[in-house]
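These features come from Swiss-Prot:
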type     : residues      : note
DISULFID : Cys28-Cys39   : disulfide bond
DISULFID : Cys33-Cys49   : disulfide bond
DISULFID : Cys51-Cys60   : disulfide bond
DISULFID : Cys68-Cys79   : disulfide bond
DISULFID : Cys73-Cys96   : disulfide bond
DISULFID : Cys98-Cys107  : disulfide bond
DISULFID : Cys111-Cys267 : disulfide bond
DISULFID : Cys254-Cys258 : disulfide bond
DISULFID : Cys272-Cys427 : disulfide bond
DOMAIN   : 24-61         : domain 'EGF-like 1'
DOMAIN   : 64-108        : domain 'EGF-like 2'
DOMAIN   : 111-267       : domain 'F5/8 type C 1'
DOMAIN   : 272-427       : domain 'F5/8 type C 2'
CARBOHYD : Asn61         : N-linked glycosylation site
CARBOHYD : Asn230        : N-linked glycosylation site
CARBOHYD : Asn280        : N-linked glycosylation site
CARBOHYD : Asn390        : N-linked glycosylation site
SIGNAL   : 1-22          : signal peptide
Amino acid sequence: MQFSRVLAALCGVLLCASGLFAASGDFCDSSLCLNGGTCLMGQDNDIYCLCPEGFTGLVCNETEKGPCSPNPCFHDAKCLVTEDTQRGDIFTEYICQCPVGYSGIHCELGCSTKLGLEGGAIADSQISASSVYMGFMGLQRWGPELARLYRTGIVNAWTASSYDSKPWIQVDFLRKMRVSGVMTQGASRAGRAEYLKTFKVAYSLDGRRFEFIQDESGTGDKEFMGNQDNNSLKINMFNPTLEAQYIRLYPVSCHRGCTLRFELLGCELHGCSEPLGLKNNTIPDSQITASSSYKTWNLRAFGWYPHLGRLDNQGKINAWTAQSNSAKEWLQVDLGTQKKVTGIITQGARDFGHIQYVASYKVAHSDDGVQWTVYEEQGTSKVFQGNLDNNSHKKNIFEKPFMARYVRVLPLSWHNRITLRLELLGC
């Protein structure tokens with residue numbers, strides 16, 4: 001390369017000026033090159049240093065660190081060089097070995113979000129089981145739809161039938177997902193603790209052919225450690241993560257009955273479904289605005305302002321409510337910078353005992369907050385199904401993710417008043 005020749009010529013001039021002269025021929029005095037480099041003489045008496053592996057620079061005076069220094073990988077991932085040129089002073093390719101729960105070329109994408117059992121984004125119809133225990137003379141049904149983390153009540157979990165020798169419980173995501181782990185919890189039945197002590201995990205793309213996660217040796221099914229009481233959480237992460245539409249848990253050993261509450265962890269398959277900052281307050285109040293706000297009894301102290309519209313916000317006044325029930329109302333989020341938006345989670349609320357929520361809505365997005373584009377699928381504006389109660393999560397995924405800084409929710413139908421808590425998903 002011409003640039004290399006110029007540098008080499010400069011090196012030669014400097015060395016000669018120091019009183020060091022190379023012998024004639026292809027090879028020159030090796031003492032001119034440091035760290036065991038080989039000295040070569042060019043046609044114009046230009047000096048070149050061919051550096052050994054691990055060194056670079058004009059006279060091999062610099063340590064070659066390669067593309068892994070500094071580490072380009074995020075979240076403490078390990079950087080591995082995958083190819084070199086056998087010269088030792090040029091490295092061209094590397095990969096990042098991601099820790100459990102992260103994905104992406106540089107492990108920049110988190111993949112350990114709760115997938116919807118606890119919050120309700122996964123509907124009852126998506127949860128099934130091999131059997132159900134019927135308690136209290138057949139009046140108590142411990143069905144699979146109850147197997148949601150932290151569920152409360154007298155009957156608050158799934159329990160397999162006592163006669164089921166190979167019980168299982170299954171979740172259908174309705175689409176292929178990346179699943180990175182599971183959180184399990186037992187429950188109390190008739191005042192006595194019941195839980196899974198060990199279990200296996202199987203996964204499937206079609207709901208017919210299932211494969212079990214294998215142990216470290218690859219010779220058998222992996223048995224995961226479960227719980228030790230009825231209420232504490234046990235988290236198990238999958239390494240590697242799974243790509244599946246269906247996940248099954250198979251109890252292996254149980255304390256008294258096989259009773260379970262659980263949550264699955266992961267992300268959308270494209271790995272871009274992290275919460276964008278409403279629930280955790282990363283997005284400041286000033287970046288959440290609305291067309292109007294309702295005030296109970298017309299008092300400012302009881303205002304249902306837009307900054308309250310954060311998913312799972314708590315308190316007596318804990319959501320955004322529009323001043324009027326009109327399709328002209330909207331709630332807007334400024335993400336601060338342009339983000340890739342892949343989904344949305346919505347939730348209603350109560351106004352002093354009155355259940356209120358948005359039943360259907362559209363979504364619009366903008367780069368400048370002035371010109372807006374309504375989200376479309378198949379050439380028409382998409383109407384999303386909203387909530388059915390005041391507290392459950394309803395998750396909708398955008399089949400065509402979009403890049404935007406501003407996102408608006410445009411309510412179309414509602415129960416009682418337009419009331420909303422939400423989170424946006426993306427990266």
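Backbone N, Cα and C atoms are what each Cβ position is placed from, and that goes for glycine too.
According to its DSSP assignment, Cys79 (disulfide bond) is in a strand. Restricting the recorded positions Cys39, Cys51, Cys107, Asn280, Asn390 to those with a CA within 10 Å of the CA of Cys73 (disulfide bond) leaves Cys107, listed by sequence position.
The closest partner of Cys96 (disulfide bond) among the recorded positions, by CA position, is Cys68; the full candidate set was Cys60, Asn61, Cys68, Cys111. Counting every protein chain shown, the Cβ of Cys107 (disulfide bond) has 22 other Cβ atoms within 10 Å.
Nearest in space to Cys272 (disulfide bond), taking C-alpha to C-alpha distance over the recorded positions Cys33, Cys39, Cys60, Asn280, is Asn280. Among the recorded positions Cys33, Cys107, Cys267, Asn390, the residue whose Cα lies closest in space to that of Cys68 (disulfide bond) is Cys107.
All chains included, 21 other C-beta atoms sit within 10 angstroms of the C-beta of Cys39 (disulfide bond). When the C-alpha distances from Cys60 (disulfide bond) to the disulfide-bonded residues Cys28, Cys79, Cys107, Cys427 are tabulated, the minimum falls on Cys28. Local packing around the Cβ, expressed as the count of other Cβ atoms within 10 angstroms, is greatest for Cys258 among the disulfide-bonded residues Cys258, Cys267, Cys427. Long-range Cβ proximity for Cys33 (disulfide bond), meaning a same-chain Cβ under 8 A and a gap of 6 or more residues, is found for Cys39, Cys49, Leu50, Cys51, Val59, Cys60. Ranking the recorded positions Cys28, Asn61, Cys254, Cys427 by the distance of their Cα atoms from the Cα of Asn230 (N-linked glycosylation site) places Cys254 first.
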